[in-house]
Amino acid sequence: MGNVSTVPKESPLRRVLGSFLVPYIIMLVVEGMPLLYLELAVGQRMRQGSIGAWRTVSPYLSGVGVASVVVSFFLCMYYNVVNAWAFWYLFHSFQDPLPWSVCPLNGNRTGYIEECEKASSTQYFWYRKTLNISPSIQESGAVQWEPALCLILAWLVVYLCILRGTESTGRVVYFTALLPYCVLIIYLVRGLTLHGATNGLAYMFTPKMEQLANPKAWINAATQIFFSLGLGFGSLIAFASYNEPSNNCQKHAIIVSIINSSTSIFASIVTFSIYGFKATFNYESCLNKVILLLTNSFDLEDGFLTANNLEQVKDYLASAYPSKYSEVFPQIKNCSLETELETAVQGTGLAFIVYTEAIKNMEVSQLWSVLYFFMLLLLGIGSMLGNTAAILTPLTDSKVISSYLPKEAISGLVCLANCAIGMLFTMEAGSYWFDIFNDYAATLSLLLIVLAETVAVCYLYGLSRFESDLKAMTGRALNWYWKAMWGGVSPLLIISLFIFYLSDYISTGTLRYQAWDAAQGQLVTKDYPPHALAVIGLLVAASTMCIPLGALGTLITRRLKRGDTAPVA
């Protein structure tokens, strides 16, 4: 039922333990679980999609539902591109060797392509073969037809799953939710047997307590909770509207929250065992290159120089042969396992770079690649079903639209519109626009939407009235925990996060992005141009402004109606 995001804000699979565990659990208890119950209860009580449900609570709140639909529409516009990339990699996973395992030869076939040599084979395949990325967001380039075809295929799969409307997606959701567990278990067994897996797990479980004083850690935890549970998107309200009125949604909220968080931790254990293998492999490869360089440069005996005595020997060579060592020194890389582990949890292309780099070094790499991208595809499709349900339910609930168009046509038009707009992300600069949508289309908007929902239920509709409705539906009284969270703790926490969020962006100054520099074979930081900043502003305003505009529209409409019915003197 949750919106399992594979491209959360920092990385597809976030770090949820160590220093992240404390804020994650706190956010789950005081924010995630109560707000999940709130949205399920609203949907089950009002028996409508997000727009109709909040209009029933109060006519002035229709903008809250519209804002949820707008956010879900934005998410659908760009999120299915992840599934297109997953299809692309899945199709290439059947090749032997894997196409991202080695750098391609240059035109003269005398060596490897320079860009690939400066970066890595996995980075080259991602940035050049998959994205064919432009050097900046200003250079849009042309639509890449192969990713575009994969995007069309991804939308076709989504359309077939929702063909009969929201009710028909249930069995598909079960499949897309349960099968990844089987793949994760297989990967867990394989990951724990890999050389260096313990390094990744040790890094994952090692807390960095200084991070607890950093507001970003709490914002990241809250954002992860919002996205993983699907809060504020309207999909929970849409699905809950099909529940029986007597359904125990409180129990479901607790169970879903616990399963969701447990899955995140379980997936992180799998992920960090793979990261540990990848980081250890790169670290040992770096050491071997340094050892080989020093052995050849100083005519050392084979086997004399090892990883254990490397630093001591380097110090000796630097003091005994200073001139010769200074010539070799620029070629000596600084090998650090900690650095390798740090890079394993950063970057927007993490799912398609770090994981593929680890997979290419495994035995029977094609099998592990197919399993991984098939799992990623299932998770992505499951998320898309929830997102599209949040859009389709209010549309099919509308008597004006449903009287003219059947469910199949409404679903088809929604998919077609999103697919057409999504072609923007298959252009050469599409990855930069993807990052803009991923960073700004939902985060701030979700905070305001959920805050408005909580205030609406507790202070406009009335907490005591809502408690009576729940007792009439389920026969169970609302205990003190839910009242305290809804009435005070959760709203205050969201306001605090909102202030932290704004202050963080204000303190950073000009918004920047990471652009790919082919000449250097690495990412470089650039400032967003004015038109990109304008789009960011529109993305935030398009959803958040629906709330006050919806209330203002209702107020004006009611006053006009009163004017029409006023007696003539």
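Each residue, glycine too, has its Cβ placed from N, Cα and C.
Copied over from TrEMBL:
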BINDING   SER228, ASN260, LEU379, SER383  Na(+) binding site
TRANSMEM  20-38  transmembrane segment
TRANSMEM  59-81  transmembrane segment
TRANSMEM  142-162  transmembrane segment
TRANSMEM  174-197  transmembrane segment
TRANSMEM  217-242  transmembrane segment
TRANSMEM  254-275  transmembrane segment
TRANSMEM  370-392  transmembrane segment
TRANSMEM  413-434  transmembrane segment
TRANSMEM  440-463  transmembrane segment
TRANSMEM  484-503  transmembrane segment
TRANSMEM  532-552  transmembrane segment
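Residues 9, 35, 38-39, 42, 54, 57-58, 60-61, 64, 67-68, 70-71, 74-75, 78, 222-223, 226-227, 231-233, 483, 486-487, 490-491, 494-495, 497-498, 501, 536, 539-540, 543-544, 547 of the same chain lie 6+ residues outside the transmembrane segment (440-463) yet bring a C-beta within less than 8 angstroms of a C-beta in it.
When the stretches 20-38, 217-242, 413-434, 484-503 are ranked by Cβ pairs under 8 Å to the transmembrane segment (254-275), first place goes to 20-38. The stretches the transmembrane segment (59-81) and the transmembrane segment (484-503) do not meet in space: the count of Cβ pairs below 8 angstroms, excluding pairs fewer than 6 apart in sequence, stays at fewer than three. Here the transmembrane segment (174-197) sits against the transmembrane segment (370-392); at least 3 CB pairs are under 8 Å, leaving out pairs fewer than 6 apart in sequence. Counted over residue pairs 6 or more apart, the CB atoms of the transmembrane segment (142-162) and the transmembrane segment (484-503) come under 8 Å in fewer than three pairs, which marks the two as apart. With respect to Cβ pairs under 8 Å, the transmembrane segment (20-38) is most closely packed against 484-503, considering the stretches 370-392, 413-434, 484-503. All protein chains shown were included, and the count of other CB atoms within 10 Å of the CB of SER383 (Na(+) binding site) stands at 28. Cβ neighbours within 10 Å of SER228 (Na(+) binding site), excluding its own Cβ and spanning all shown chains: 23.
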